[in-house]
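Q: Dumping the structure here so I can ask a few things about it.
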Amino acid sequence: MLLLPATMFHLLLVARSGPARLLGPPPYLPGPEVLWSPQMLLLWFTWLGLQAALYLLPAGKVAEGQELKDKSRLRYPINGFQALVLTALLVGLAVSAGLPLGALPEMLLPLAFAATLTAFIFSLLLYLKALVAPASALAPGGNSGNPIYDFFLGRELNPRIWSFDFKYFCELRPGLIGWVLINLALLMQEAELRGSPSLAMWLVNGFQLLYVGDALWHEEAVLTTMDITHDGFGFMLAFGDLAWVPFTYSLQAQFLLHHPQPLGLPMASVICVINAVGYYIFRGANSQKSTFRKNPSDPRVAGLETIPTATGRQLLVSGWWGMVRHPNYLGDLIMALAWSLPCGVSHLLPYFYLLYFTALLVHREARDEQQCLRKYGLAWHEYCRRVPYRILPYVY
């Protein structure tokens, strides 16, 4: 809870410094007058309010989540992509009316501080709310009895006020859309400083916009992820969704603004191919899994080989899921490499996301394996025998 915010601020500081050393000290330690700004706190709450209003719009369909302990199913609005489009329209109108979006990069430190402060206070309120929640509403892992651990991991599985689901809202909305908005602001500031955005900046913006747009277009798929079905909503997810994602995932664009990199068309084409391969694997694997879960008889997946389990469900053992046990993670990591390559190879800093995401996915994969072993037993052992590699074929 202390190291993650410290890491985020370290990255924000070194990205704008001359040496841009990932492992070196930051150029300076910002004082309270730099971090604290009532105006930035108001701007942050305005952003959250806008995304909450778009969440509540009766646009798109409503989907049911997984079955809960009490056999009920919660309902979720599937309108994240509409929220992205409406946000883009509102930002476009605001910029055309004179909003200086290019000034946003100078506000990242106080905005990140406002987001971090919000995450701590929000997590405390969630913890207090969970104290009066029924036992059936609690998450499997956030009820150890250790208040610090439970505060971090989250006690309640699906904290809600009426139909507003806090975890589901934070999972994809303010952080992911905020990420691409920060990227756009960095692109606009580069255009103001240098006359036009660099090719490297265009690639980073385009790749990451594709990723965010894909996540929101397939928003319903998040209802079957570990974050929604298993993890409680505490500081880990609150800080990750609200602060870490927008201010850390935009690191490549931050780096390029302060350290422009030459990039020719041949290398740019190679990087585009790498991103396309990663996206093809990522989307193909996720779509295959989603289609199979919804309807195993669908012609697109009906011919795939499966392993029966004691739960009555089937495990895919061919197609993407016969190549490695987590092909979607492989696609994710290939895309992460493509996002970093436009920044050149002279600095390690832009590759922080790739290094961090590798550690995150390896850890998550280990959690996935434990959960699947408990759930599927002998069938999972058979799947692991048939598909021995976890993420990278013939390596890991």
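Using the three backbone atoms N, Cα and C, a Cβ is placed for every residue, glycine included.
Caution: TrEMBL annotation is automatic and unverified by curators.
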Q: According to TrEMBL, which stretch among 232-251, 372-391 corresponds to the feature transmembrane segment?
A: 232-251
Q: Near the transmembrane segment (41-60), which residues from the same chain, at least 6 beyond its ends, have a CB less than 8 A from one of its CBs?
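A: Distal contacts: 77-79, 81-83, 86-87, 90, 107, 111, 114-115, 117-118, 164, 169, 173-174, 177-178.
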